[in-house]
Amino acid sequence: MAQPLDFLLVSICLFHSLFSFQVEDYYAPTIESLIRNPETEDGACVFPFLYRSEIFYDCVNFNLKHKWCSLNKTYQGYWKYCALSDYAPCAFPFWYRHMIYWDCTEDGEVFGKKWCSLTPNYNKDQVWKYCIE
């Protein structure tokens, strides 16, 4: 009884090692990739950027303690940790519902915190962030 189970476990491990692969840009940047891929383009964050087939308009954190951004329009392994000055700026003016806003607003926010759109048309893109007061 133990031999078939051992064979099954060994087969599963072998199958997994042969047919699984890692796509480098599928995973979040690691400290090793930061060392291997130094900052370029003066270390400026590029927004929006494409990562894992998704578009991001601000700094993100995937499996990392701190937020990071891509240094290319399409993530190519070049990235950096975000400082306060790196976060995406509000897009003023922006269109929300039937109004144009030139400043942060509390409209539509349940908790009464001011927010802004990260694109000129919130109705279409629906990407936003809370404003720093």
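Including glycine, each Cβ sits where the backbone N, Cα and C put it.
What Swiss-Prot records for this protein:
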SIGNAL    1-20  signal peptide
DOMAIN    40-84  domain 'Fibronectin type-II 1'
DISULFID  Cys45-Cys69  disulfide bond
DISULFID  Cys59-Cys82  disulfide bond
CARBOHYD  Asn72  N-linked glycosylation site
DOMAIN    85-133  domain 'Fibronectin type-II 2'
DISULFID  Cys90-Cys116  disulfide bond
DISULFID  Cys104-Cys131  disulfide bond
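Around Cys116 (disulfide bond), a 10 Å sphere centred on its CB holds 20 further CB atoms from the protein chains shown. It is 8 Å from the Cα atom of Asn72 (N-linked glycosylation site) to that of Cys45 (disulfide bond). Among the disulfide-bonded residues Cys45, Cys59, Cys69, Cys82, Cys90, Cys116, the ones whose Cα sits within 10 Å of the Cα of Cys131 (disulfide bond) are Cys90, Cys116, in sequence order. On the backbone, the CA of Cys59 (disulfide bond) and the CA of Cys116 (disulfide bond) stand 15 Å apart. The Cβ neighbour count for Cys82 (disulfide bond), using a 10 Å radius and every protein chain shown, is 18.
For Cys45 (disulfide bond) paired with Cys82 (disulfide bond), the C-alpha to C-alpha distance reads 8 Å.
The DSSP breakdown of the domain 'Fibronectin type-II 2' (85-133) into helical (H, G, I), extended (E, B) and coil residues amounts to 6 helix, 14 strand, 29 coil. In terms of C-alpha distance, the listed disulfide-bonded residues Cys69, Cys90, Cys104, Cys116 place Cys69 closest to Cys82 (disulfide bond). The Cβ neighbour count for Cys59 (disulfide bond), using a 10 Å radius over every protein chain in view, is 21. Looking at Cys104 (disulfide bond) and Cys116 (disulfide bond), their Cα atoms lie 5 Å from each other.
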